[in-house]
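**Student:** One structure, pasted below without further comment.
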Amino acid sequence: MTKALDGVRILDFTHVQSGPTCTQLLAWFGADVIKVERPGTGDITRGQLQDIPKVDSLYFTMLNHNKRSITLDTKNPKGKEVLTALIRSCDVLVENFGPGVLDRMGFTWDKIQEINPRMIVASIKGFGPGPYEDCKVYENVAQCTGGAASTTGFRDGPPLVTGAQIGDSGTGLHLALGIVTALYQRQHTGRGQRVTAAMQDGVLNLSRVKLRDQQRLAHGPLKEYSQFGEGIPFGDAVPRAGNDSGGGQPGRILKCKGWETDPNAYIYFITQAPVWEKICDVIGETGWKTHPDYATPPARLKHLNDIFARIEQWTMTKTKFEAMDILNSDDIPCGPILSMKELAEDPSLRATGTVVEVDHPTRGKYLSVGNPIKLSDSPTEVKRSPLLGEHTDEVLREVLGFNDHQIAEIHDSGALAPPRKQAAE
């Protein structure tokens, strides 16, 4: 079956997480992604957080499925020739270097356009133009500078970062959408363009409900936040609100049966207005249906702590799955707190390809996330990540059309091997 991005060729200069997230998604949709790596070492994540000595780490394998790997010394004159040929033969160049690195390699935007006017150059940076544009950014820095950390945590505690990689992986997903959009526009214009996604911008985009709340503060307190019911004044910035729902419907994480020994024996419970009477029936507080302190959403706002304390008395008598079954039967919105172990073992996620088992020649079988986006006419087959330089000769021959003699010359030039160290005189 034809894949959605069949015929699109990506020159992948990305490393670590943000860029590889982007290019892996494009590869899952069928693009031919050629990952260019430093001879001898490759992507730094091959050796980071290794659980098995001398094999590619899960950090690398889970971000580089469905790609081809070539090694290339871009400082070598022959290596520059190969890179020029690749730029001429590809549709998109993706990079997440530090500011100015691509220019210092001799491949400015103008130079790339001269080589291939249809080339799309896609970049992930830490910040957009401004006072911080030259700063180095990693996941947690992005969360802190994009508004996520200041609004995550409890009101009386420090800012917290989330376990979800919204800075790295989130920005990679944003960039992938930008690339596909640029490819579509190129069909009409015939021209390439630059696509940039800044990590600060990506985090702020995912934190947009907090920017919403920042503006609401000018008109009064945020009544769905716990501190309103506790009578605590609001300041001039959106506060941290613990596990309060961000969607305007009061919600909290509540203990379930077994919480004393199971750190994930919890459920998220939302007191949605249309099912309030059903909630009252479930927890045995039928009198709350008509009580003036509880009967209407505005009246309940000042009593949320008491309401959730009573609901928690009920949830603590049930496992999180028992509670979920009961609540779902009444359309009461809730969700169990699922551990990574539970997710890895969930047969429904295996069946949909959301969690996949991949076989690797040196590390054996391992689990990975699959494509979270399902296309009916372009199903994803997750293939293992490449070994370092595994496809170098294949790409030189099939993509660039070099013959055996030319490939041998490139090898002899040292363009595909680690730079030789000069012996001390």
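Placed from the backbone N, Cα and C atoms, the Cβ positions cover glycine too.
The shown structure was predicted, so the numbers you read here are calculated from the model rather than taken from an experiment.
So Swiss-Prot has the following annotated:
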type: BINDING; residues: 17-18, Arg38, 72-75, 96-98, Arg104, 136-139; note: CoA binding site
type: ACT_SITE; residues: Asp168; note: active site, nucleophile
type: BINDING; residues: Gly247, Gly248, Gln249; note: substrate binding site
**Student:** Measuring Cα to Cα, how many Å separate Arg104 (CoA binding site) from Asp168 (active site, nucleophile)?
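**Tutor:** Per the Cα atoms, Arg104 (CoA binding site) and Asp168 (active site, nucleophile) stand 24 Å apart.
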**Student:** Which one is it, among the recorded positions Asp168, Gly247, Gly248, Gln249, that lies nearest to Val137 (CoA binding site) by Cα separation?
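**Tutor:** Answer for the nearest of the recorded positions: Asp168.
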**Student:** CA-CA, which of the recorded positions Asp168, Gly248, Gln249 lies nearest Asp73 (CoA binding site)?
**Tutor:** Asp168
**Student:** Counting Cβ atoms within 10 Å across all protein chains shown, which of the recorded positions Asp73, Glu139, Asp168 comes out on top?
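**Tutor:** Within the set of recorded positions, the most crowded position is Asp168.
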**Student:** Three-state secondary structure of Arg38 (CoA binding site) from DSSP?
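**Tutor:** Where Arg38 (CoA binding site) sits, the three-state DSSP reduction gives coil.
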**Student:** Fewest other C-beta atoms within 10 angstroms of its own C-beta: which of the binding-site residues Gln17, Gln249 fits that?
**Tutor:** Gln249
**Student:** Looking at the recorded positions Gln17, Arg38, Lys75, Asp168, whose Cα is closest in space to that of Gly248 (substrate binding site)?
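**Tutor:** Nearest in space to Gly248 (substrate binding site), counting only the recorded positions, is Asp168.
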**Student:** Cα-Cα, whole number of Å: Gln249 (substrate binding site) versus Arg38 (CoA binding site)?
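**Tutor:** That comes out at 50 Å between the alpha carbons.
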**Student:** Checking your reading of the structure: which of the binding-site residues Gln17, Glu139, Gly247 lie inside a 10 Å Cα sphere centred on the residue listed as 'active site, nucleophile'?
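**Tutor:** Checking each Cα against the residue listed as 'active site, nucleophile', the hits are Gln17, Glu139.
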**Student:** Would you mind pulling the DSSP three-state label for Gln17 (CoA binding site)?
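**Tutor:** Coil, per DSSP.
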**Student:** Rounded to the nearest angstrom, how far is the Cα of Gly247 (substrate binding site) from the Cα of Gln17 (CoA binding site)?
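**Tutor:** Computed Cα spacing between Gln17 (CoA binding site) and Gly247 (substrate binding site) is 29 Å.
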**Student:** Of all the binding-site residues here, Gly247, Gly248, which one's CB has the most other CB atoms within 10 A?
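**Tutor:** When each Cβ's neighbours within 10 Å are tallied, Gly248 leads.
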**Student:** By a 10 A CB contact count over all chains shown, which of the binding-site residues listed here is most packed: Arg38, Lys75, Arg104?
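**Tutor:** Counting Cβ neighbours within 10 Å, the top one is Arg38.
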**Student:** Check the DSSP secondary structure of Arg104 (CoA binding site), expressed as helix, strand or coil.
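**Tutor:** Where Arg104 (CoA binding site) sits, the three-state DSSP reduction gives helix.
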